[in-house]
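Below, the features straight out of TrEMBL:
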- S12, H70, G146, F147, G148, G149, D177, G178, G179, G199, S200: substrate binding site (BINDING)
- H37, D39, H70, D177: divalent metal cation binding site (BINDING)
- D39: active site, proton acceptor (ACT_SITE)
- D177: active site, proton donor (ACT_SITE)
Amino acid sequence: MTFSRAIKIAPSILSADFANFGAECEAIEAQGCDWVHVDVMDGHFVPNLTFGPATCAAIRKHIKGVMDVHLMIAPVDPYIDAFAQAGADVLTAHLEAGPHIHRTLQAIRAHGIKAGLALNPATGLDSLSYLLDMVDLVCVMTVNPGFGGQKFIHSQVDKVRALRAMIGDRPIHIEIDGGVTPETAPLVAAAGADVLVAGSGVFKGGSVANPAPYGENIRAIRAAAEATRQA
Ligand SMILES: O=C(CO)[C@H](O)[C@H](O)COP(=O)(O)O
């Protein structure tokens, strides 16, 4: 994975057909997405359940590009090895998932893959200043984690701006997760985000049998985000 601050659209398969993940991943890549975002939920850290490393490994076979795995689980440390072996290119854990996030990030990097750190909407940036040399991506949650289709939390735009200033020239991605649409994408792109995770905003109106809307939705979000970069 080479580092670039170009806008990347990462559809969240939380909004895909759960009975057809392989074909859904192939469809969104064919329709022009940059990364595939895989949401792992445990019914404990967040009030929803999705799937585990075996499903990630099965999905991996259908993704040509970057598999971006977002762990919404606690504890997280016992499962790092399994998700790395499942083929994650980026593995993201939550700052709020346990008392030893530095150790978690070390464990992810020990697999030679990118380490991500996710922050819930109520979490500030203070602890991050001690972790900047440990992270390749910071995920700012713009909804409370657990469900797709929620409303974008506007207070997070200022957090993204502050994060951008804190990161400076370091090769660290800023990812936004939740409520991304052509209306909200420009706000976070202008503030400094480069990876935009969108579930319902990408999958709405389409299907494996009719994937063209996926492409239209991806292009609309990308165009809205890139327009602010050129303004
Ligand atoms: O992590 C998530 C929820 O915890 C999802 O990735 C996120 O909500 C994306 O879905 P949508 O674009 O529909 O908001």
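The backbone N, Cα and C atoms fix where each Cβ goes, glycine too.
On a predicted model such as this, the values are computed, not experimentally measured, just so you know.
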Rounded to the nearest angstrom, how far is the Cα of G146 (substrate binding site) from the Cα of D39 (divalent metal cation binding site)?
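Computed Cα spacing between D39 (divalent metal cation binding site) and G146 (substrate binding site) is 9 Å.
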Between the Cα atoms of G179 (substrate binding site) and H37 (divalent metal cation binding site), what distance do you get, rounded to the nearest Å?
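That comes out at 14 Å between the alpha carbons.
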Out of S12, S200, which of the binding-site residues is least crowded by other Cβ atoms within 10 Å?
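Among the binding-site residues S12, S200, the lowest count of other Cβ atoms within 10 Å belongs to S200.
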Quick check: with H37, D39, H70, D177 left out, which same-chain residues have Cβ atoms within 8 Å of the centroid of the divalent metal cation site Cβ atoms?
A10, S12, L14, V38, D68, V69, T92, C139, V197, G199
Which of G146, G179 (the binding-site residues) has the most other Cβ atoms within 10 Å?
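When each Cβ's neighbours within 10 Å are tallied, G179 tops the list.
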C-alpha of D177 (substrate binding site) to C-alpha of H70 (divalent metal cation binding site): distance in Å?
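So the Cα of H70 (divalent metal cation binding site) lies 10 Å away from that of D177 (substrate binding site).
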To the nearest whole angstrom, state the Cα distance for the pair G148 (substrate binding site) and H37 (divalent metal cation binding site).
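That comes out at 12 Å between the alpha carbons.
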Out of D39, D177, which of these binding-site residues shows the lowest number of other CB atoms within 10 Å of its CB?
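Counting other Cβ atoms within 10 Å of each of the binding-site residues D39, D177 gives the minimum at D39.
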List the same-chain residues at least 6 positions away in sequence whose Cβ sits under 8 Å from the Cβ of H37 (divalent metal cation binding site), in sequence order, or say none.
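Expected: A10, P11, S12, I13, D68, H70, D177, V197, G199.
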